[in-house]
């Protein structure tokens, strides 16, 4: 069946902001779908609220709406654009749920829109647990024993059939949100209550526990003619009980017999047919009991998922692209496989002659109160993938690509510790982010494979592989560097040992080890990912390293630019940096360079095989980058675009003679090194908050007397504000110095005077060494003290006087020229009245670059890449700051709901995982839309609770006045209430949590409050009001922890409900006019 001609335009729903369980893999799939459908001549309309994505670039679709993915908003877009079809399978759970809402509210029927790729009934059958269970029974497949509950009463009924331990999962949520494992009645009650609340249909599935079973996934693609292929089988290294997004996974499956594999393959095809997935990709998850071999179907996703992004990168088969084409009527045998240059059709199942390992990346250091144990609710924020010829090689490459300080299986445990044995038992039995290292420690401690298997239930095949690596390490420890000959070195490198790990074992430097290895002529070769196990030739340069005879890299002699990516997503370094890397690659390719991308994150667009000319899927570490440079000999390497990951390498790369283009490593150091930066600020006669550096507790206490409290304290060289705190008195400073000095490895702790009530400003600029052009000035809505990545911001500024803005522009230009910036630069400043303070300067791509590019209609990342490659800003044609005639607001999205016990308060340490953007003619409209996009539902009436710190009291009356005028009842604690009463406004007093009951938390629990404005100062007041914020989160009450946030909410409420939707392309045309 060739493509359908009865549909002309297709609406694609994106996934919205990045949250735990739904990361940038949906930018990758959405961008692919846009490309594939436009290639076929369809008009593509895209909705996505996340500005940091490639898919929302104006060139990706015919009409782009950066609007909230809520059915009412999408209905307005459908009314305006009149698409013929809706493709809901590219935007994760968000898009599926929105599509079902549109169907339920009759919007699709009203405007005659057909759902393609999956229909409402299919989605419902796969997602609705009781229908899914029944469907599996109909085709003779077993599901875990289970029951459905819509209330606590029903839940107890199911419990009687299933027994403890049991697994609880809410329907229509993703990443296992709200679910968990219950071992007793108390836990059962808590998890069920949370799950019923979080499921949009108030429905729970309660399953028998399969903990310790082996878990597998099949990635399947099916077309209209019932052709099916398995793209990839994936095996979870961690057994059942850990969410598959948090498990280490390996492809292809390693421990299945051929017979088992065929049974599972047939079962997964039967599942797709029964559920009714006519076209596109799905993944089916299975559990197998290691003792009896009983196989059960756990679940299936009738959409492109995180696993399909992994399967696409693992095999080179572009699932999302193929799925989009199947949705418009093609069949698999009609589509070509790009990687083999069309030598094979898409109906050939990929064959792979290597092993892929994925390891998740967690961010528990950001949430010290969170439970770091892994269960059925997903907690990881990113992942890294590695390719090797064996499991040993690929797992060791993945471990070093994670960037958690490991160079391989580094020991975690001091084996001489008297507690060592009990720590080991606990760490092996209860899975955590670090379990895989403890497995290696268990073998060092002399445990047998059988013992470790009993504790972990990790398949013995994997355990034997790790035990073998530990034995190799023990052997290396007994040798000296000179006694390692070519044969042994070759054997160790084939098993994936990194230079850094071997150097540590031998007690030499990594540099010494590398030169010894080069002397022995032990060098990696590069193999291609070609979907066909080298059976057909391939023109696509998608490479991984290994130690063998034949190298398939075949580098060209063209001028090349190499871009280092950002590695795994984490809080503080996410999709924004990937966006910059992709734009750099596009710009360099347009200018005739051959582009080389180095990255190891399988979720991203940067690791797509056609984003750059050559892709090296390798860890972004010194060893791996230097080897690629040796083979490719690039003209220039870009390190400023991937966040802190490549920046950390720039000094060492420069020493090794790698040509780093753009801002010099020395200039980067001048901006990052505190003392050198201070000298520059003084030379330019600019102002910084009073500050000092301290290397010990005594120095810190002395400095604090000179500077005065409150203080911001932090270690030097960090991204995302790790281990940063605001302290208000000496006791807090002492405690911080005892806990934080370990973070700094001999580098000092920095103390800054904290600017209370200051307005924070973010500036992005581009410089070519001669002239500086401001990309944008953004005013933060939260005052200084909230990390810039967590603060909402407005472009253009909404209340910053013009003369202050002009002064900021001048100061930024001075600093850019003084530092000799070539490329992008980001500056953070604070404004207190007429005083402007420089807080920090980052001569690199910042996380606001994508947002700014969407607002001003010019890709700063592309402009800056061209400047780095040697053009002037005049030659690029970007010489004038663009100030848009509309307002854009960026709002951050947080993962607090996933971490019970974590305080949802904003401070100097970054906690957000993603962002959304709202656009309006006024600041109020843009802010209101951004809140909606972030799923913060602003209340329109009810009772507002206000309790603010001393410094905010002058503003409390104004906010209260606004709320009263909008029809709210205002309640406040005693001190705040006095201020409001003094202004002649009606207010009801309520007890603080420490003042006896009934107090404010009782009101929150009884759902008597609809809006909370609660600002704090100092450790004690934060601790006292913790239960207010946590309960507000659990009861889904709009809550802000800054007075400026309260003022902005009042502005948005005055604006009233959102009325218009705007096309990005029209907004940009309006700027150019």
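Including glycine, each Cβ sits where the backbone N, Cα and C put it.
Listed in Swiss-Prot:
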REGION    2-403  region 'Carboxyphosphate synthetic domain'
BINDING   285, 299  Mn(2+) 1 binding site
REGION    404-553  region 'Oligomerization domain'
REGION    554-935  region 'Carbamoyl phosphate synthetic domain'
BINDING   714, 753, 755, 760, 785, 786, 787, 788, 828, 840  ATP 2 binding site
BINDING   840, 842  Mg(2+) 4 binding site
REGION    936-1073  region 'Allosteric domain'
Residue 842 (Mg(2+) 4 binding site) versus residue 299 (Mn(2+) 1 binding site) - Cα distance in angstrom: 45
Mean predicted confidence [pLDDT] for the region 'Allosteric domain' (936-1073): 90
285, 714, 755, 785, 787, 828 filtered to the binding-site residues whose C-alpha is within 10 Å of residue 840 (Mg(2+) 4 binding site): 828
The region 'Allosteric domain' (936-1073) - residue tally per DSSP class, helix then strand then coil: 72 helix, 22 strand, 44 coil
Residue 842 (Mg(2+) 4 binding site) CB neighbourhood, other CB atoms within 10 A: 20
Within the region 'Oligomerization domain' (404-553), residues counted as helix, strand or coil by DSSP: 76 helix, 12 strand, 62 coil
Binding residues 714, 753, 755, 760, 785, 786, 787, 788, 828, 840 (ATP 2) - maximum C-alpha distance in whole Å: 18
Spatially closest candidate among 785, 787, 828, 842, the listed binding-site residues, to residue 285 (Mn(2+) 1 binding site) (Cα to Cα): 787
Rounded Cα separation (Å) that holds between residue 842 (Mg(2+) 4 binding site) and residue 828 (ATP 2 binding site): 9
Fewest other C-beta atoms within 10 angstroms, as judged across 299, 840, which are the binding-site residues: 840
